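Asks: Please find one structure pasted underneath; my questions will follow.
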């Protein structure tokens, strides 16, 4: 085989790696074990895991928005609040089953995020981040003026109180676990598609992506709407877990700070990073709960240290800077060294080339 023939030989590529298959072999039993949580865990532990699951969903959505879409938002709490209030209103006022009301609350958030995106996308960079925060504050002010939603004092989630505490907590637990699977699964499938490839191109250079035919604004709007719906899903789980929704808490900018922290320490631009970051953040929350507001200072300092020492986050350290992939979204060449060794073997030696000359 000549050098030209070896170069023109089709390259074999694949997504899955040994690490991804090993990860799948571990994740399936873990999911089965987690699904059995209501049968083997106490109510308090189940409620804590609901919080963890909500954090994973929030981190995954912010990572989709910023890590893959290149849009840094500090106003996603708007959709958390919309999801929470939407669930309570649909279940308590309209009389729909509280757990069947969850998808309706998510759809409402998606429907509202679409027109909001036309306002937000008039800004870019730091102005976009500030603009999303302003939008979240406006949404909070609107909710505080609505008596049907309890105005400024908030509203209790009464529909689920008809269930026994054990059943209610178990249902919320299972729904939260399903929410994690949906959030991670949608992100994974999205990033494996051509649309996901366009997202990363826009993140790296929007002008260059547009010149190559990527519909920049349309792609960014899709990411924004999906992230809003995912945050609303997490918000509905938070409402079902706490049984009360108040504007000051559910629309708090702390949620954006938590999402940023989770993604930064876990590893931005990876599917595994927000999962690892959420677990670490949840553990730190439990450990530092006795420090009062100082725990926020400690979290901030920790985020700075990790950013300086581990630019790729904790998952970057665990994965060996990308060598291990539990959720492979790109392609890898099969046996790339074999191809290059063939070219090297067929190349004429320096002396041979000189003689022929």
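Glycine residues also receive a Cβ, built from the backbone N, Cα and C atoms like all the rest.
Sharing the feature lines straight out of TrEMBL:
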| type | residues | note |
| --- | --- | --- |
| TRANSMEM | 21-41 | transmembrane segment |
| TRANSMEM | 47-66 | transmembrane segment |
| TRANSMEM | 78-96 | transmembrane segment |
| TRANSMEM | 102-121 | transmembrane segment |
| TRANSMEM | 171-191 | transmembrane segment |
| TRANSMEM | 222-243 | transmembrane segment |
| TRANSMEM | 255-281 | transmembrane segment |
| TRANSMEM | 293-315 | transmembrane segment |
Asks: Quick check for me: are there 3+ Cβ pairs below 8 Å between the transmembrane segment (21-41) and the transmembrane segment (293-315), leaving out pairs under 6 residues apart?
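Replies: Between the transmembrane segment (21-41) and the transmembrane segment (293-315), contact is absent.
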Asks: Test of understanding: applying the rule of at least three C-beta pairs under 8 Å (pairs 6 or more apart in sequence), is the transmembrane segment (102-121) touching the transmembrane segment (222-243)?
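Replies: By the criterion, they touch.
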Asks: Report, as numbers and ranges, which residues of the same chain sit near the transmembrane segment (293-315): CB under 8 Å and 6 or more residues beyond its ends.
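Replies: Tertiary neighbours of the transmembrane segment (293-315) are 257, 261, 263-268, 270, 272-273, 276-277, 280-281, 284-285, 321-322.
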Asks: Are there residues at least 6 beyond the ends of the transmembrane segment (102-121) whose Cβ is under 8 Å from a Cβ of it, and what are they?
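Replies: Beyond its ends, the transmembrane segment (102-121) has Cβ neighbours at 78-79, 82-84, 86-87, 90, 96, 128, 131-132, 135, 175, 217, 220-221, 224-226, 228-229, 231-233, 235-236, 240.
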Asks: Any residues 6+ beyond the ends of the transmembrane segment (47-66) with a Cβ under 8 Å from its own?
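Replies: Sequence-remote neighbours of the transmembrane segment (47-66) are 34, 37, 41, 72-73, 76, 80, 169, 172-173, 176-177, 179-180, 183-184, 187, 190, 223-224, 226-227, 230-231, 233-234, 237-238, 241, 255-256, 258-260, 262-263, 266, 268-271, 273-275, 277-279, 281-282, 286.
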